[in-house]
Amino acid sequence: MHTIQIETMALPRRRPRKTRLCWRLSFTIMFLMICVFHSVCAYFTPFGTKGLRHSHTGLSASTNGDGNSRKSGSSDPEAGKGDPPRFKRLARKMSSKSFSFNQIPGRKRAADSSDSPDRSNTARMRPSPPSSSPSSFHEPRGSGPISEAVGQHLTPEAAAPPEIFDVDARPNSQKARKVASSQSQGKGHREEGLEEDNGAGGWQRPSRVQQRREKRQQAAMDEKMRRVKIQRFGKEGLLFKDGLAGGQAGGGRDDALQCEHFGACSGCFYRSGLVETPVMENARVFFQRVARYDNFSLGLATGVHGWRTQAKLAVAPLSKWGGCQLGLYEEGSHRVLPIPNCRVHHPSINRAVQVLTEATVTMKTRAFDPASLGGSLRYVQVAVERRTGRIQLTLVWNAPGKKEAGGELSRLLKALKAADASGELWHSIWVNFRTGPGNTIFAREARSWTKLFGADFLTEKIGPSQTLFYLTPQLFRQGNLDGFEKLVTRAQEFVPAQSVVCELYGGGGVIGLNMLGKAAALRFSDINPYLGQCVDKTLQALPAKKREKVSFIIATALEALEAGHADGATVLIVDPPRKGLESEVLAHLVDRKDPYAGTLRRIVYVSCGFEALKRDAVALMDSGWRLVHAEGFVLFPGSDHLETLAVFDRTR
Ligand SMILES: C[S@@+](CC[C@H](N)C(=O)[O-])C[C@H]1O[C@@H](n2cnc3c(N)ncnc32)[C@H](O)[C@@H]1O
């Protein structure tokens, strides 16, 4: 009876068999369509999360990586190059349901979102954030892969920083290392926290067929990215490219600046007529009419492209979820304009900036915010070692010290190292801890400098004598070293043989030490306290015969003068900062009977600030010094800047 009743009651609710089949069929078709749509989107999104993971730097965006690439591991040859296996495995582990990660309060959501392959796909499929976000983060002109990736594909959940990614900060880091090493021997995958990857509760080694398929998919993806990059940036990647607007306007002339950033970037003002800028015209008029020197000439010291071997760059947020963009302030504003294809930069600088930018995106490094004084990365200094093309990188970090900088800094460092597995890019990486408001780039205290990795000194052979100089990032370094060498070579001609030379504002001795072939003795000085160890190394590398001629002190120019450094000297070399000679120093020089500067017969004045040179030259010429040589060196083509060599002889 019961059975009959139930059947009778159920019968009216049951739909006809045909309808049920229809429903099932429609559901299956819909499901298949969704799957196809997902894979098509994932495939045709070149700079999506997968794109970032497998960009040529080999960085891995662990929180957003999809299941396939996790399983395939080293299927991407480039990524394999960039990511040391342990780094990659730990990245995966941190993005998985690892014990420590989920126990961090407030991080569960982020952990969850990266746990599930479905979710990471959802992240990729989400619409772009509201248009206010990218514009307020100032989308770069000719925006590259990174801006697109951040602007369109990362969601707040997906981009939330995995706070304890820092391996060394992890309580179970030793265990992680053990697991990593056992995995490298082909065992212990299960311990790695990859269980959730197959969605079935237990990790299984992918079959060979599967592995091969994933490898093929990855290769296809890489090839697609390569083609898109070439299409956008030319074969040289983000570096030099031809046929730009700048080049057309410059009429293809060798002495015309051909840079796509020209106009927006505040770095260069002149595209052509690079030796006819207002300061240069001013110099011509001054030397001819005021100084009565008819032989003044000026010219480009080097070619107009690729000469800059040191750059300091500003940092701005790329998105509110982390990542930084590096560049110069846009013309007339304080907005940072990325200049990835800057033509005056040495190619290594552009490469380093690209790698660093990508690393900040991957590791969600926050840019410093001057309004709230929050964030981390404030400025960046990039110096090239010309011989090797490697970079001495300095990160100016908004924290009192390494401890306070915490995991965010070590994560970035790891990513930078991972991106340069071959060791061809980084010479060394330094950090300068600088807190508080203000535009000063570096904190000066000794404790604010830390070398994170690499060699202590960058070495450069500079000048006609090819003296080997040892340089650390705290030192002043000429932006255009090739051009400056020309100036030094010329200056050497004005040092008479066997003269006793005093050099003030001498830096590491770039000018003075190049005079040792002619000079009987050299005393040089500079205010920078960091010079001690560099000058020591430089002097040690000199032949003993030359080394014996040299003495160096750390002192202001005035202190050095008053300590008797110019006593008995006949030649004085000065290369002051832009503001020129201090009035007290000048006062010693203009006094014929000065006890400290009375023996001087010649001043070799190297100037990087023409207005100050005019002032000092007038004061010197008014007091018995005669201008015997003046020559302009355009060291920064495109800017209204002149480096001048002026030689004065005492007449009375
Ligand atoms: C334009 S750089 C020239 C450095 C050097 N000639 C070179 O090419 O490397 C000016 C130098 O003056 C130093 N300086 C600045 N103010 C100074 C002062 N009051 N007394 C002595 N040196 C000073 C700086 O440390 C810097 O090294």
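Keep in mind that glycine also has a Cβ here, set from the backbone N, Cα and C atoms.
Positions annotated as transmembrane segment by TrEMBL: 21-45.
The region 'Disordered' annotation in TrEMBL covers 58-149 (among others).
Marked as compositional bias 'Polar residues' by TrEMBL: 58-75.
The annotation region 'Disordered' is assigned in TrEMBL to 168-225 (among others).
Around Asp526 (S-adenosyl-L-methionine binding site), taking its Cβ as the centre, 25 other Cβ atoms fall within 10 Å, counting all chains. The S-adenosyl-L-methionine binding site annotation in TrEMBL covers Gln478, Tyr505, Asp526, Asp575.
Taken from TrEMBL, the feature active site, nucleophile covers Cys608. Annotation for Cys608 (active site, nucleophile): spatial neighbours Asp575, Pro577, Arg578, His641, Glu643, criterion Cβ-Cβ under 8 Å with sequence separation of six or more.
Within 10 Å of the C-beta of Gln478 (S-adenosyl-L-methionine binding site) there are 21 other C-beta atoms, taking all protein chains into account.
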